[in-house]
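Q: Quick paste from TrEMBL:
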type: BINDING; residues: 62, 64, 65, 69, 343, 375, 443, 444; note: Na(+) binding site
type: COMPBIAS; residues: 28-39; note: compositional bias 'Low complexity'
type: DISULFID; residues: 167-176; note: disulfide bond
type: REGION; residues: 22-44; note: region 'Disordered'
type: TRANSMEM; residues: 56-74; note: transmembrane segment
type: TRANSMEM; residues: 86-107; note: transmembrane segment
type: TRANSMEM; residues: 128-155; note: transmembrane segment
type: TRANSMEM; residues: 260-281; note: transmembrane segment
type: TRANSMEM; residues: 293-320; note: transmembrane segment
type: TRANSMEM; residues: 340-357; note: transmembrane segment
type: TRANSMEM; residues: 369-393; note: transmembrane segment
type: TRANSMEM; residues: 419-438; note: transmembrane segment
């Protein structure tokens with residue numbers, strides 16, 4: 001055995017002895033523990049523990065169930081074979097998701113240390129812990145930007161007329177149109193040997209990106225005069241997103257101006273995160289009872305409303321109809337594996353951090369089975385909610401649902417809000433939807449901040465008080 005191997009072996013032995021001594025102290029704490037420990041019921045006096053078993057379970061559910069379940073899984077499912085996609089998804093869930101989830105929370109619970117110091121058992125891999133912290137820090141920054149957009153949309157959802165449902169706003173251009181309806185008399189003027197006389201008032205277009213509309217010109221309205229190309233038209237919801245919310249410039253050389261409205265929303269987002277974590281796990285453990293359960297209430301309400309809409313059945317069928325031949329492609333299996341790692345939350349450091357606050361004898365095996373299954377079920381459930389409303393939108397506009405469905409921010413901030421705007425009492429449904437997104441993002445953000453904010457188990461921001 002080499003000198004380095006002996007050193008590693010010695011370090012591991014010392015680490016395990018430290019844990020054994022800690023366990024002995026825990027077992028005898030009823031006789032000689034401090035008064036504060038007796039009052040709080042914490043095994044780990046310095047670090048603290050969750051107040052109850054549900055605190056940890058709901059925190060894991062809130063961390064695992066994030067925006068990816070809403071805007072990524074439904075799109076992947078329909079694109080990768082519908083119901084057939086669930087086969088590789090479930091296979092990777094049990095081959096990779098559940099075992100790695102159990103590995104992280106069991107070791108975090110055993111060591112009661114952060115993602116960096118937990119590697120005292122094998123210092124060679126301490127860099128893995130630093131990698132987890134760096135990733136959590138990066139995600140923590142950009143994830144709060146998404147919450148910022150959600151707050152901004154939530155604010156505008158309280159207006160009687162949703163601003164992304166009309167074309168008469170200051171940010172709209174002459175290219176703006178309402179999907180499925182366009183007044184041709186308001187189209188760009190075109191001339192060919194004189195002024196064109198329009199003999200059409202309105203029409204429904206299947207897909208503006210593929211359609212060129214012919215106008216009949218001349219006083220007699222009998223001869224074709226010109227073609228007006230409508231490929232550059234932009235929906236009202238897309239213009240609200242691009243021109244009002246993001247205000248995207250032409251390039252990096254034009255940085256634009258500070259978006260004060262978004263800056264205020266960003267400040268609100270960070271303040272809310274601070275308030276949720278001001279007393280560490282003692283406060284966040286209470287918050288998750290709302291943030292982890294409220295989205296399911298809203299999703300259920302939206303699903304009940306969605307399935308009662310005309311066209312909802314076609315949307316759900318489009319979402320779940322199996323295409324078995326796609327299982328023969330490598331991409332489908334790759335997408336399923338990526339989605340498992342992306343959504344369940346392994347290798348980010350958050351699971352180790354949360355599990356480190358568990359009491360030593362907590363049934364982590366039970367938690368490792370429950371959380372991934374809830375995450376999987378939530379993804380499928382959210383897809384039903386999304387596609388029932390998108391099916392309604394397809395029915396209302398006459399547009400093929402394939403041209404309505406998208407993924408990422410385009411789904412949650414363009415397509416779905418546009419569909420909600422067509423519902424009766426649309427502000428109510430918009431408020432519920434964006435409030436749900438806010439709570440989903442918030443409980444995930446709390447864990448990102450904890451993972452990035454307490455790298456070395458020192459008494460800083462998130463330590464219990």
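Each Cβ is built from the backbone N, Cα and C atoms, and glycine gets one as well.
Those TrEMBL annotations? Automatic predictions, nothing curated.
Map the listed features onto the structure and describe their local environment.
A: Counting every protein chain shown, the number of other Cβ atoms lying within 10 Å of the Cβ of residue 69 (Na(+) binding site) is 25.
For residue 167 (disulfide bond), the same-chain residues lying six or more positions away in sequence with a CB closer than 8 A to its CB are 176, 177, 178, 236, 239.
Same-chain residues lying 6+ beyond the ends of the transmembrane segment (86-107) with a Cβ under 8 Å from its Cβ atoms: 60, 77, 118, 327, 332-333, 336-337, 339-341, 344-347, 351-352, 354-355, 358, 364-365, 367-369, 371-373, 376, 380.
Same-chain neighbours of the transmembrane segment (128-155): 67, 114-119, 245, 261-262, 265-266, 268-270, 273, 347-350, 352, 409, 413, 417, 430-431, 434-435, 437-438, 441-442, 444-445, 448-449, 451-452, 455, counting only residues six or more beyond its ends whose CB sits under 8 Å from a CB of the stretch.
Within the same chain, residues 48-51, 55, 144-145, 147-149, 151-152, 155, 245, 287, 357, 442, 445-446, 449-450, 461-465 sit at least 6 positions outside the transmembrane segment (260-281) and bring their C-beta atoms closer than 8 Å to a C-beta of that stretch.
A Cβ distance under 8 Å defines the sequence-distant neighbours of the transmembrane segment (293-320), meaning residues of its chain 6+ beyond its ends; these are 58, 65, 74, 77-78, 82-83, 378, 381-396, 401-402, 405, 423, 429, 432-433, 435-436, 439-440.
Residues 44, 47-50, 56, 59-60, 63-66, 68-69, 72-73, 89, 92-93, 96-97, 100-101, 104-109, 111-115, 118, 129, 132-133, 135-136, 139, 281, 364, 371-372, 375, 379, 447-448, 450-451, 454 of the same chain lie 6+ residues outside the transmembrane segment (340-357) yet bring a C-beta within less than 8 angstroms of a C-beta in it.
For the transmembrane segment (419-438), same-chain residues at least 6 beyond its ends with a Cβ under 8 Å from one of its own Cβ atoms are 67, 70, 147, 150-151, 153-154, 157-160, 162, 164-165, 237, 294-295, 298-299, 301-302, 305, 309, 389-390, 392-393, 396, 404, 412.
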Q: Apart from its near flanks, which chain residues at least 6 from the ends of the transmembrane segment (56-74) lie with a Cβ under 8 angstroms of it?
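A: The answer is 50, 105, 146, 284-285, 288-289, 291-293, 295, 319, 339, 342-345, 350-351, 354-355, 357-358, 362, 367, 370-372, 374-375, 378-380, 382-383, 386-387, 407-409, 411-412, 437, 440-441, 443-444, 446-447.
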Q: Can you count the other CB atoms that lie within 10 A of the CB of residue 176 (disulfide bond)?
A: 22
Q: In the three-state scheme derived from DSSP, which category covers residue 176 (disulfide bond)?
A: strand
Q: When you measure from the Cβ of residue 443 (Na(+) binding site), which residues in the chain that are at least 6 apart have a Cβ under 8 Å away?
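A: Correct list: 59, 62, 63, 287, 288, 291, 292.
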